[in-house]
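**Student:** The structure that follows is given in the form of structure tokens.
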Amino acid sequence: MSDLNTMTIAQARDALRAGETTSAELTDACLNAIEAAGELGAFVHNTPDVARAQAASADARIAQGDAPSLCGIPLGIKDLFCTKGVPSQAASRILEGFKPEYESTVSGQLFDRGAVMLGKLNMDEFAMGSSNETSVYGNAVNPWRAGNSDAALTPGGSSGGSASAVAADLCLGATGTDTGGSIRQPAAFTGIVGIKPTYGRCSRWGVVAFASSLDQAGPMTKTVRDAAIMLEGMCGHDAKDSTSADLAVPDFEAALTGDIRGKVIGIPKEYRMDGMPAEIAKLWEDGTAMLRDAGAEIRDISLPHTKYALPAYYVIAPAEASSNLARYDGVRFGHRASLAQGDGITEMYEKTRAEGFGAEVQRRVMVGTYVLSAGFYDAYYNRARRVRALIKQDFDTVFAAGVDAILTPATPSAAFELGRKVDDPVEMYLNDVFTVTVNLAGLPGISVPTGLDEKGLPLGLQLIGRPWEEADLLNTAYALETAAGFVAKPQKWW
Amino acid sequence: MSIDIETARKVAKLARIAVPEERLPALAGEFNAILGFIEQLNEVDVEGVEPMVSVTPMRLPRRVDVVTDGSQQEAVLANAPDAREGFFAVPKVVE
């Protein structure tokens, strides 16, 4: 059978259970596709031996009739997840050579359910970036190109490798993480589905920490159904993460009826930004019409503090990062700078961190250090946390008024060119303008591919749901996906 | 609030990141761009609003104060840049 790697998770699961293919065949198809896709820079540590061994045990399980949905499904794992014995360096030089002695809860759960790891995926260093250009491995590249141009485009970030790999059919699905939009923005840039669940749904244990009050893992897949299947495998209570929610995980796939009659969809006026490109505005209107046609009630809503989400994020996230990244000191793991005669421990810290962290990570650690420093803590950090409370209150208010989900654009533009000169770091931060509110409020959000721009690049819409109601959110996303009928794939050039 | 070169140097020191002298002016400029963006927060009326501690209203779970893990010296030291005789080795700290 050819092109097994182009299957969805649901198709592969059904084919595996029916005995029409094996995990070994699926895995080999993906490994071959990865081998031929070096130019995409998506996979950065290949683990073919691990994959083949996992595929063999998955096939044995399937033969015995013990086949959870993910059994035998080849996946890519973002480099932010610690995977036992396999390089896990958060795309940073400072973790060069680091091979964890333990497995992250999320990847461990996936493997317990029989999933196969093809390798580790590229990302922005420590998940700080929106274009995958801050990676120590070099850029991940979007499989999509604009019209007849051969300019390399960003797959978005920080989960750029995950997005590129799924869009190019190198794997059936991939793990991502999302602190300010790092699952949803790259999903939108590559025409795939990405969901960030409610804060606390997925254990953060063993996931390299960026901003602990915002970080959440989630799946990046080809369809909403696949997102439902994979999310279920990733979620669940974990005593090792004190913020992990002790709640039952619903059968997300069973919720996909496509029936959204009577659901109330909110359209927030504050997301209609000045200078919004006409095609993004049209995409949003089209998506609204699709949900209305599917029987949902469309309601104009207001989330008055939206404008302050990005500035609040750029206090809170760097503050938490400066604290989390203090552990990279050249003592316990990763890189240590070579020292000059007479250098003491302070020089070791300073040189190690200067050599090990890239420019963007250094910038954020220092901004975080500044906003937490004596005399500024109240003015910056506490003020940002107060604004964050107001942003959450905005959402609480509309949900209390009966809104079931909120529809917004996922990104302010389609994928842009790699290497575009950015002098002002704030300009890159604006990529997260539609997604970052969701992290600050701890809500579930999903990006669904819904159209192409005039150059033929994919665009996505975001649906935001009530806390813990991923099942309902996925069903609304399923209805949107069905109505949009997005089937375009990138033309293979790699 | 504008960050001068002296403040940039101090922040780099606090963050334990060696920044070469010639890089400090550009760094101060980047900080100012970011802080200028953050200044917008001053427009918000936050009177009487408590700073958010936890995004989901849940009590931090407690557990019995007992040892749950341990005796993994080898695993703990496996990734150390310099481990000797069962310890992490670092440059001399005390004269």
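Any Cβ shown, glycine's included, is placed from N, Cα and C.
TrEMBL labels come from automatic prediction, so no person has curated them.
Source: prediction; values computed, not measured.
What TrEMBL records for A:25-474 is domain 'Amidase'. Sequence annotations record features per position, and here TrEMBL assigns active site, charge relay system to A:Lys78, A:Ser158. Per TrEMBL, active site, acyl-ester intermediate is recorded for A:Ser182.
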**Student:** What is the average pLDDT across the domain 'Amidase' (A:25-474)?
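**Tutor:** A mean pLDDT of 96 is what the model gives the domain 'Amidase' (A:25-474).
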**Student:** Quick one: pull the CA-CA distance for the residue listed as 'active site, acyl-ester intermediate' versus A:Ser158 (active site, charge relay system), whole Å only.
**Tutor:** 5
**Student:** Near A:Ser158 (active site, charge relay system), which residues of its chain come within a Cβ-Cβ distance under 8 Å, counting only those 6 or more away in sequence?
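**Tutor:** When sequence neighbours closer than 6 are ignored, A:Ser158 (active site, charge relay system) has A:Met123, A:Asp124, A:Ala127, A:Met128, A:Gly129, A:Ser130, A:Asn132, A:Thr177, A:Thr179, A:Ser182, A:Pro186 within Cβ distance under 8 Å.
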**Student:** Which residues of the same chain, at least 6 positions away in sequence, have a Cβ lying under 8 Å from the Cβ of A:Lys78 (active site, charge relay system)?
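**Tutor:** Sequence-distant Cβ neighbours: A:Lys120, A:Leu121, A:Met123, A:Ser159, A:Gly161, A:Ser162, A:Ala174, A:Thr175, A:Gly176, A:Thr177.
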**Student:** For A:Ser182 (active site, acyl-ester intermediate), what is the tally of other C-beta atoms lying within 10 angstroms of its C-beta?
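**Tutor:** Counting Cβ neighbours of A:Ser182 (active site, acyl-ester intermediate) within 10 Å gives 37.
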